């Protein structure tokens, strides 16, 4: 008897560990994401506040633009202005800043450093302090640049570029003489460590002026340091008195706020993205906890009935189960939080690989993270354990006297009715979204999809039956008696199988929804490129940053090029909003045949053509003026001479390329389109173009296929990242299957013993359990993938504008189905080995 | 024993079988040197008080348990040195089982349960034999039912049919009527008796019920892990006398 008790206890410990695991994983993901998000904010806050002075004098409207895309403002600050600022009693010191955009660093082997993700920042060094009075930059090695031929790199960039102090560093300038070199004299980092992945190119003031301001002794900006006892506002007001009209003075706090807002949006997206996945992980974990506690209560019904018979009140039984859940969730959450800290390091290293450097010092648990993690972990467990605990309380005392634990006939009728109704509600929401409900249509489809997922999870015992019957037929045909038994076992407790499969279903539904959207996006890109990009070759840079016009000069000289058209995208403020506008040269119309609604696309001088949607938005038409304000404050007033259908080959507003210089911006190219001469050998020309562009590694020559590939690569990168995060939900689901199988095997000990006694070999017993597991996994996969397909297609319907073509990822679906089978096999490993090791005699004797 | 000329060959045989649980002070000899021949074509009962080792003996003979020492032969095959796979095949192909309870797989129908050992062996069903057995247990109209839809007696008869379906060399029954009322028990026992008389089956049954044992050709009595007595063609009174004698001896 003692042995039996001990064994039961051990068995239950295992069960508790198993159900605890799902909480651990869910909480780990949640706390990992929270720690990572905090680290992200801390890192950026540190850099922003550590690099901003008390006050700044800069070109008006400067802050409104994402400088990387908008060209370099020619609105400058003269040394006289700085001298005047320095004389002010409120100013302790005024330092001229020179910053350039579009500069790239090449590694010693000629490849691009950085490139994707975080920006490359080029600026001059001065020792003006930040708003806290500390240094903005800290030297790691060497010294600061003195001559205009010297450079300091951030430590990470020097490492990645494999440069040592004294080496000649290779650089690419965005305009003028492209290839530049400078001698590396030191390495530095932002005060507080790290650069968040940005590449820093630090020059002497003369060096920066030579590179970015044609060697003139002027500046883009002035950093002001307040005199003792002067506030940022007083500093700003004093400076505003002496500066010329086209400049403005702002406080350091404002500059920091602006930077935060710009980065905050990007960080916000990353955070929301990660938290969504954490929520999915917690939801899936909740399902597994619900299922585990249901099974535990069912198995313990005799024990619970005995407690009732001995006088325990219904509440007491319910409470005892809830208490167990509370203790379990608390322990599991604690482990989960610890694991989350490790997970955040893992996330940080993934983000580091794609160029976003988070210092590990910033990855620490905050009180908020710990509290949220505990609250969510405990709350989800308690909610999930509530239903089973109620059921536990309802066990009749007389059940203790019955020989066999009663298998309650599942009253699934009500569930089916409610489920059917909810499915219709979901369908109505989706249909409403597709038909064009108010607000963003996709939201309605999304809500409908979530309703569907939850409903399917609840009614999976009913709608999953055909799948399980199919599995039984297939398995018994292929695997004989063990297959048949496995099929029967999966069918035996439909609720349990359904609930277990649901955890996997949720993950796979999301996977296939994303899969449909990604496939449609890829197809749409292909179709779009095919239809709109009528050029034979496109020349663009990584991340669409502008590059020097000399690239186009070289390409134009290649034999076999008949037409070469240049395009420069710049940021401009129109009607108070910042938009990207396109400046196209006169050859543009020789290559692209836009769908003209009215007027012409042949623009000259101060004329522009506009996409119809945008014209409607602004309420303008042919003959109306449109005013563009550029960085640096210069304005262009253009007359609208054409209205076109929107096209991917140009922006909302297009105007002649020669207007760029009028706007006070440096001429650069963003995109070059090339047509092949008739009869020219495409391959030879492509090779020659590649050669001509090869000195500028940030620029690539794409033919149509390569161009759609390059866009697709970005889509797919995101896709793989999403799949990677969803993999966690699937791993949690695997634990759910392991758990259910393990508990089922314990429950069926005598049956297993009987099977062994009458001649089932160990390997067949293992196969039987594995097949049951595969049946559960297949159920989850079929329901999930099917549902995801429907949701994905509906979502695509509402996103028709961006996803013009629909594609179904059949290969991927087959792969996911195969993955589900593998998941099933893996989940069965431990339970099947446990079952096959059972001693036959003890198994038969088991009460 | 070999001097007895008309004795049929043994379906199973144990020689000096010993089974020891624990060690040192707590050492328990469940079997203390049992030598027994179980005759082919006979219905043999193994009886004895609780703890006499009768179940252990049966489990060893049925290849469910391994003895500490001694040899066992089933249908001419020595069990010593056989691995789990070979033992499993032996149980499946040459041994039939009827347990006291929980004999059937709840998810399978009666017919599927009966044919399960054949399915596991991948053997072809001998339809004539199947019909014969099913008719003998009187379950033709119950073949499509699941265990939960049958009475305890019917379930035990299904178990008997399953034990016979693969034409095993020997059937072991462990208190097959222990959970049944007397009418159902009689049905099961009559069937086992008929399987011996009409089909030439060998059946070995562990029981402590004198009525059940009275269906047998031979009763072997065990006490303290040793064969202490045996009677052939017993009636109920004879068995009860021997049992009483045994208990008296144990008490004394």
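Glycine is no exception: its Cβ is also placed from the backbone N, Cα and C atoms.
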**Prompt:** Do you know which of A:212-232, A:233-253, A:443-463, A:464-484 TrEMBL annotates as transmembrane segment?
**Reply:** A:443-463
**Request:** Tell me, please, if the transmembrane segment (A:272-298) and the transmembrane segment (A:363-387) are in contact, taking contact as 3+ Cβ pairs under 8 Å between residues separated by 6 or more positions?
**Result:** yes
**Item:** Beyond the flanks of the transmembrane segment (A:321-343) by at least 6 residues, Cβ under 8 Å
**Value:** 16, 19-21, 23-35, 289, 293, 297, 363-365, 369-370, 373-374, 377-378, 380-382, 384-386, 388-389, 392-393
**Prompt:** the transmembrane segment (A:767-790) vs the transmembrane segment (A:501-521): three or more C-beta pairs under 8 Å (separation of 6 or more)?
**Reply:** yes
**Message:** Can you tell me which parts of the same chain pack against the transmembrane segment (A:501-521), counting only residues 6+ beyond its ends and a CB-CB cutoff under 8 A?
**Reply:** 280, 283-284, 287-288, 291, 449, 453, 456-457, 460, 464, 715-716, 719, 722-723, 726, 729-730, 732-734, 736-737, 776-777, 779-781, 783-789, 791-793, 795-796, 799, 802-803, 805-809, 812-813, 816, 820, 823
**Message:** Using a Cβ cut-off under 8 Å, which residues of the same chain at least 6 positions beyond either end of the transmembrane segment (A:718-746) come close to it?
**Reply:** 11, 14-15, 18-19, 21-22, 25-26, 29, 274, 277, 280-281, 284-285, 287-288, 291-292, 295-296, 299, 489, 496-497, 499-500, 503-504, 506-508, 510-511, 514-515, 518, 752, 769, 772-773, 776-777, 780, 819, 823-824, 826-828, 830-832, 834-835
**Request:** Would you kindly list the residues that approach the transmembrane segment (A:16-36) from elsewhere in its chain, counting only those six or more residues past its ends and only Cβ-Cβ distances under 8 Å?
**Result:** 271, 274-275, 277-278, 281-282, 284-286, 288-289, 292-293, 296, 328-329, 331-333, 335-337, 339-344, 346-348, 358, 363-366, 368-370, 372-373, 376-377, 380-381, 728, 731-732, 735-736, 738-739, 742-743
**Item:** Integer mean pLDDT for the domain 'ABC3 transporter permease C-terminal' (A:275-395)
**Value:** 81
**Fill in**
Spatial neighbours of the transmembrane segment (A:443-463) not adjacent in sequence (6+ beyond its ends, CB under 8 Å) are 287, 410, 412, 415-416, 418-420, 422-423, 425-434, 437, 494-495, 497-499, 501-502, 505-506, 509, 513, 779, 783, 787, 790-791, 794-795, 797-798
**Complete:** Secondary structure of the domain 'ABC3 transporter permease C-terminal' (A:275-395) by DSSP, residue by residue, totals 105 helix, 0 strand, 16 coil
